[in-house]
Amino acid sequence: MKTKIKVTKDLIEAFILAMALLAAMAFEAISDPPKEEPLHTQQEIKTGTHQAFHQNEDKIREAK
(Lines of atoms letter the chains of each structure in order from A and count residues from 1; the text may use other names and numbers.)
(Lines give C-alpha, C1' and ligand atoms only; values in the text may rest on other atoms or scores of the structure.)
Protein backbone atom coordinates (compact mmCIF):
# COMPACT_ATOMS: atom_id res chain seq x y z
CA MET A 1 0.00 0.00 0.00
CA LYS A 2 1.55 3.25 -1.12
CA THR A 3 0.35 6.64 0.00
CA LYS A 4 0.93 9.56 -2.28
CA ILE A 5 1.53 12.93 -0.68
CA LYS A 6 0.98 15.92 -2.88
CA VAL A 7 3.85 18.31 -2.25
CA THR A 8 2.55 21.82 -2.46
CA LYS A 9 4.16 25.21 -2.04
CA ASP A 10 2.49 25.55 1.39
CA LEU A 11 3.89 22.21 2.55
CA ILE A 12 7.42 23.17 1.50
CA GLU A 13 7.08 26.57 3.19
CA ALA A 14 5.84 24.96 6.44
CA PHE A 15 8.76 22.53 6.38
CA ILE A 16 11.29 25.34 5.85
CA LEU A 17 9.77 27.37 8.69
CA ALA A 18 9.86 24.34 11.00
CA MET A 19 13.55 23.75 10.21
CA ALA A 20 14.33 27.44 10.78
CA LEU A 21 12.59 27.33 14.16
CA LEU A 22 14.49 24.18 15.11
CA ALA A 23 17.79 25.79 14.09
CA ALA A 24 16.99 28.92 16.11
CA MET A 25 16.17 26.85 19.20
CA ALA A 26 19.40 24.86 18.84
CA PHE A 27 21.45 28.04 18.40
CA GLU A 28 19.87 29.60 21.50
CA ALA A 29 20.58 26.48 23.56
CA ILE A 30 24.23 26.45 22.48
CA SER A 31 24.84 30.18 22.88
CA ASP A 32 23.22 30.47 26.33
CA PRO A 33 23.81 27.26 28.30
CA PRO A 34 21.94 26.90 31.61
CA LYS A 35 23.88 28.10 34.62
CA GLU A 36 24.53 25.34 37.13
CA GLU A 37 23.81 26.15 40.74
CA PRO A 38 26.28 24.90 43.34
CA LEU A 39 25.00 21.87 45.25
CA HIS A 40 25.65 23.53 48.60
CA THR A 41 26.48 27.15 49.18
CA GLN A 42 29.44 28.12 51.33
CA GLN A 43 27.02 29.81 53.77
CA GLU A 44 25.12 26.53 54.28
CA ILE A 45 28.34 24.65 54.96
CA LYS A 46 29.62 27.31 57.41
CA THR A 47 26.39 27.61 59.40
CA GLY A 48 25.78 23.88 59.66
CA THR A 49 22.39 23.95 57.95
CA HIS A 50 23.91 21.69 55.31
CA GLN A 51 24.53 18.89 57.84
CA ALA A 52 21.16 19.44 59.51
CA PHE A 53 19.44 19.04 56.17
CA HIS A 54 21.10 15.66 55.56
CA GLN A 55 20.41 14.50 59.12
CA ASN A 56 16.71 15.24 58.58
CA GLU A 57 16.82 13.25 55.33
CA ASP A 58 18.34 10.28 57.18
CA LYS A 59 15.64 10.44 59.89
CA ILE A 60 12.92 10.44 57.25
CA ARG A 61 14.45 7.39 55.52
CA GLU A 62 14.73 5.51 58.82
CA ALA A 63 11.10 6.27 59.68
CA LYS A 64 9.94 4.65 56.45
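Note that Cβ sites are derived from N, Cα and C of the backbone, with glycine treated the same way.
Taken from TrEMBL, the feature compositional bias 'Polar residues' covers 40-54.
Not one residue of the same chain 6+ positions outside the compositional bias 'Basic and acidic residues' (55-64) places its C-beta atom under 8 angstroms from a C-beta of that stretch. Under the heading compositional bias 'Basic and acidic residues', TrEMBL lists 55-64.
Sequence annotations record features per position, and here TrEMBL assigns region 'Disordered' to 34-64.
With a cut-off of 8 Å between Cβ atoms, none of the residues of this chain six or more beyond the signal peptide (1-26) come close. The signal peptide feature in TrEMBL is assigned to 1-26.
Note: the compositional bias 'Basic and acidic residues' (55-64) comprises 9 helix, 0 strand, 1 coil (DSSP; helix = H, G, I, strand = E, B).
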